[in-house]
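Student: I am attaching a structure below and will ask some questions about it afterwards.
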Amino acid sequence: TARVVALYFGLLPPEMEGRQMEDLTNLLRLKLSFQEMRAGMKEPYPPRVSLTTGFVGTPYLCPALSSHGGLMDAYSLLLKTDYPSWLYEVKMGATTVWERWNSINPDGHISSTGMNSLNHYAYGSIVEWMYRYMCGLNQAAPGFKKVRFQPMPDPENRLDSARMEYDSAAGKYACGWEKAGTGYTYTLTVPFDCEAEVVLPSGQTRTVGAGSYTFTE
């Protein structure tokens, strides 16, 4: 959590960021057990990861990874289905976000741990990452009169598409991306009297006004 918060808020000197990011990645990635190595198993790719943060660190974990070269691990955390993970909750039948990663045990029984809520939004902060990083919509001026559209598809192609809509004070924005052959098609809709700075993964940039746009690369 300390590394996540420091990276997200830019609290580190630039020369220390790489080392802290490396340490964070090592903490997240699960290495093969001795038994697995004896059985001849090899490290999977993408690497296995595990959530190790709580209420303070989780909201900043995937954003910090995505902004410092760890986008693959951010997606791995999102798509992980075993405990602890967001999709573990979905797999166990959750329709709300739990207070604890193990609010319901794998056997289907509610955890006996105290202070156990089945409707507790804190870990739902991953949705902000899906809006701002996966789909790429970020406020760039007060009231959403201007946005930055900077989509970040999964570098390992585990998702074929993503799309979002946002009813801002200035009007409805819509954006997303879809796999198209060896590349991607990106879409963006900007409401009346607003503008967007477009930053595509290739580094291509442009500024557009109100309207609907399609970009490919």
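Backbone N, Cα and C define each Cβ position, glycine as well.
Small disclaimer: the values here were computed from a predicted structure and weren't measured.
These came from TrEMBL, pasted as-is:
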{"type": "DOMAIN", "residues": "48-134", "note": "domain 'Alpha-L-rhamnosidase six-hairpin glycosidase'"}
{"type": "DOMAIN", "residues": "136-209", "note": "domain 'Alpha-L-rhamnosidase C-terminal'"}
Student: Of the residues in the domain 'Alpha-L-rhamnosidase C-terminal' (136-209), how many are helix, strand and coil by DSSP?
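Tutor: Each residue of the domain 'Alpha-L-rhamnosidase C-terminal' (136-209) counted once, the result is 3 helix, 42 strand, 29 coil.
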Student: Would you list the DSSP helix, strand and coil counts for the residues of the domain 'Alpha-L-rhamnosidase six-hairpin glycosidase' (48-134)?
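Tutor: For the domain 'Alpha-L-rhamnosidase six-hairpin glycosidase' (48-134), the helix, strand and coil counts are 39 helix, 3 strand, 45 coil.
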Student: Average pLDDT across the domain 'Alpha-L-rhamnosidase C-terminal' (136-209)?
Tutor: 98
